[in-house]
Protein chains: 2
Amino acid sequence: MQSFEINKSDLLKLKTALEGDDAELQRVLQEYHASEIAILFERLSPEEHERIINILPSDVGSEVISEMDEENHPEQILFNLHPEKRSEIIEELDYDDATDIISQLEEHEQEQVLEHIDQEDATNIRALLNYEEDTAGGLMNTDVIKLNVKLNKVVALEEVIRQSEEMEEFYTIYAVNDADVLQGIVSLKDIIKSRSNVLVSDILKADYVYVKADVDQEEVARLISQYNLTSIPVVDDNLRLLGRITVDDIIDVMEEESTEDILKISGVSEDEELSGGWQDAVKSRLPWLVINLGTAFLAASVIRHFAGLEAKLPIIAAYMTIIAGMGGNAATQALAVTVRRISLSDLTDQQAYNTVLKEFLVGMLNGASNGVIVFIVALLYDGNPMLGLVLFLAMTGNLIVAGLTGATIPLLLKRLGIDPAVASSIIITTFTDCIGFLLPLWLASALLL
Amino acid sequence: MQSFEINKSDLLKLKTALEGDDAELQRVLQEYHASEIAILFERLSPEEHERIINILPSDVGSEVISEMDEENHPEQILFNLHPEKRSEIIEELDYDDATDIISQLEEHEQEQVLEHIDQEDATNIRALLNYEEDTAGGLMNTDVIKLNVKLNKVVALEEVIRQSEEMEEFYTIYAVNDADVLQGIVSLKDIIKSRSNVLVSDILKADYVYVKADVDQEEVARLISQYNLTSIPVVDDNLRLLGRITVDDIIDVMEEESTEDILKISGVSEDEELSGGWQDAVKSRLPWLVINLGTAFLAASVIRHFAGLEAKLPIIAAYMTIIAGMGGNAATQALAVTVRRISLSDLTDQQAYNTVLKEFLVGMLNGASNGVIVFIVALLYDGNPMLGLVLFLAMTGNLIVAGLTGATIPLLLKRLGIDPAVASSIIITTFTDCIGFLLPLWLASALLL
C-alpha cells in the first residue's frame, strides 16, 4: 500500500458524484477510507463537506471529522450539522478528539453543542475542556478500562468485555482501589490465563510509569519514548486515575515539537502556524528581523571603523563579505547539529566539552580548506599573495569562531534553563559577521599597508 | 513521574556499589528501571557495563541492552558476554531489536554469535539481517500472533493465549489462510465475545492497511500517522505475512526524519551522526561550504563590478552587508516554514500558489518595516535622505526576493521529485546575497551619482 495523495481522477470522480444524487455519492464514498476522505476535503468547499458528512454513516463521518486538518475547520462542520446528526457524530468520537474539535468553537457555541448531546458525553467533554491543550490533561482520553483490585478473574473478564464494547481498540487495563486510586496495570493475557478464583490484586503489575494531568506534553512524549510505552495513565494529585494517553497521540506532539525546533533555529517564532496567514507570519518574524537589524548595524560599524582602508584597497570589501557569509553558514551547521543533539537527549558535562572541542577542530579544518581556495583565487586573480595570506588567516579564524559559537551558545542556554533553539542562526551569525568583517580588515591593515 | 535524567547522587550510589560485592550491586540495581540503567550506562566504562549485565537477571539485562544508545556499543557488550549468558539475553530480546544490535558486529562475529543460540532464534534473526535497515523489512518484528481463518472461537482463543505467552505485549491479531497469505485482522474482543462455533473468517476485518517489506521507513511512518494505526502488517510480494511494525518503533524513525530535515536545511549532510567524530563532520559539511564559497564569489563579483562607486561612496559597503544579511535571514525564515510544511503534508497547486503569494506579502511588509529603520539611520547618522531612499528600496526589494525564493525553490524541488530540504539556507542565500549587493549598489549609482 501507499500513503494516499490527492490525484485528479479521485477528485474528479468525487466532484462528479457531488453533482449527482445521494445514492451515487454514497456509492463513490464507499471506495475511500475515512482518512482519505479527510484528505480529499482539502479540495472541497464547506458546503460540500457538510453534504458528505450528512450522507456518511455516523461512525465514518466522525472519523473523517477527527482526521480533518484543523485549517479546514472541522468544528464549523460539526456546528452546522443538524443537532441530531451532531450528537450521533460526537457519540462516535473519542472524548479527547471531540474536546479538541469543540474547543475551537466560541464559548456560546460550545454550550449550544454540549446542551444537545448525551449528558454523560457532555460531562466528560466539559471536564476535558478545563485542561490546557498542551498538557497531559489536554491530551488524555477519559475512556479507560479499569478494574477494581478486589474483582476475581471471572468478573474481571466480564468487566473488560463490557467496558471495551464501545472502544475501537484497547491498550492497557488499569487496576484501581475503591477510591479510584491507581494501583497498577493488568494484562488481558494474565487475566485470561488465570484460574477463576484469582483476584486482580494478585496479577497486577505495581511497577508502572504514570503522569500527572498538568505535566507538559513534551515531558509526556519524552516519558513515552524513554520507557518505550504504548500508553501512559494520567492521574490527579491524589493519584486517582483520570485517563490515558496513547502513543499515537504522542506522534502529533512529536511532529509539533520538531516543527518548533526547525522554526526557532531559523528565527521564526514557535507560535507561527505553518499554514497561517501573512499577518501571523509578519507578527512572528518581524521581531527577529529587527533584532538582527540592530546586530547588523553593530557588524557594519566594524566596516565604518576601517573606512580608510577600503579607499586604499577596494577589493577587500568583496572578500570580506565572502568570509563573513562563510562564517554564518558554518555557524548554522554547528548550531543545527548541537541543538538537535540537545533536544534528543541531555548531554553530560564531558559530552558537552567534547562537542565544543569537536566543533573547534571542524571549524579549523573547514576554515583552512576554504582558506586555501581563497588564497589561490587572490594569488591568481588579484596577483596578491599577501592578500591571499590575510584571507586564509581570516577564513580559518572566522570558521573557528563559527564552530565555537554554534556549539557553545546553545549548550550555555540549556545550562541556564533556556530553550537552546532560541540561539537561532540569526543570533549566532552576529558573531560571525562581526569577526568576519573584523579579521580581514584588521589583518589587511596590519600586513598590507 | 518525571523523565529520568542522570544526577550525581544516582551515579555516586552506582559507582560505590560497583566497588562493592555482587549482592550490594544487585540491591542498588533493583532500584532502577531498565531504561534508567541504560541511561546511567552513558557514564560507565565498558568493563562496568559488562559486570552489570552479567549480574542482572537476563530479562532486565536484555532490556538494558536494547535501550542503550548506539554510541555506547551494546553489540560489543553482547559479544563479550559468556556464550551462555549471551544466548539467554538474545532469547529475551525481540527479534527486531536483536537484529539491530547484531547487525553492528563484523560478519564473522555475527556468525559466532548466531551459532551458539537457539536455532529458531538464529533463523529468524538471519532472515531479518537480509533486509535494508531503513525499510519496512528492517523495522519489522517477526513475532506476530496469527490465526488460520478456519479456526473456531475456542481453538482461536487457545492459540492467542499460546502465541502471546512469549510476548511482552500484543497488538493486532492477524488472520491468514493455509498459505500464510494475510486475509484480515481480528480483534481479541471480537473473539472473546463470539459464540463457540464462530470461525475466524466470520469475524475478521478484511479492510486493513499493509505494507511490503521493501518500502522505505519514511513511507511506513506516513502510513501509520495518516491512518492512525497502532501497528501495520508487513507482507512479501505474494501478500504472505512476514511480520509487523508497531507505532513505538516508528517514533524513532520520525525523530530520525526530523533530524534529517533540520540538518539538511542548515547545510549539513543527512548522514552526519549527531554524536559522530570530527572526521565525520568535516566530510558532511565541507562540500556544502565549498559550494557556498563558489556562490559567494558570484555575489562578490557584483561588488567588484561596482568598484568605482565604492571609492566615491565608501559608506555603501557597510549598508550593503546589512541588506544582504537581512535578506539571508528572511529567506531562511521563509524556507524553514515552507520545507516543514511540505514534509508534513503534500500541498495542492492552490496551496502552493497561496504560499508563494503569502511569502511575497510578508517579504514586502517586513522589508518595508526594516527599510524605514534603515532610512531613518541614513537620515540621522549620515544626513543623506537620498541614500536613505536607496536603502529603503533595496531592503524592501531584497526581502521580497528572500520570501519568493524561500518559498518557491523548495516547492519546485518537491515537484521535481527532489527532497525540498536540500534547498538549504546555503543555496537560498546565494540569491539574497547577489540581490542584496546589487540593489543598493545599482540604485546608488543611478540615484546618487
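Note that Cβ sites are derived from N, Cα and C of the backbone, with glycine treated the same way.
If you average pLDDT over the domain 'CBS' (B:203-260) in this model, you get 87. Under the heading domain 'CBS', TrEMBL lists B:203-260.
Summarising the annotation, TrEMBL assigns transmembrane segment to B:286-307 (among others). Residues 267-269, 317, 320, 324, 424, 426-427, 430, 433-434, 436-438, 441-442, 445 of the same chain lie 6+ residues outside the transmembrane segment (B:286-307) yet bring a C-beta within less than 8 angstroms of a C-beta in it.
What TrEMBL lists as transmembrane segment is B:313-339 (among others).
Listed as Cβ neighbours of the transmembrane segment (B:360-381) (distance under 8 Å, sequence separation of 6 or more from its ends, same chain) are residues 319, 322-323, 326, 330, 334, 387-389, 391-404. As annotated by TrEMBL, transmembrane segment applies to B:360-381 (among others).
Summarising the annotation, TrEMBL assigns transmembrane segment to B:387-413 (among others). Only residues 6 or more beyond the boundaries of the transmembrane segment (B:387-413), in the same chain, are considered here, and those with a CB under 8 A from a CB of the stretch are 315-316, 319, 323-324, 326-335, 338-339, 342, 347, 352, 355-356, 358-364, 366-368, 370-372, 374-379, 419-423, 427-428, 431-432, 435-436, 439-440, 443-444, 447-448.
For B:425-448 (among others), the entry in TrEMBL reads transmembrane segment.
Helix, strand and coil residue tallies for the domain 'CBS' (B:203-260), in that order: 25 helix, 16 strand, 17 coil [DSSP].
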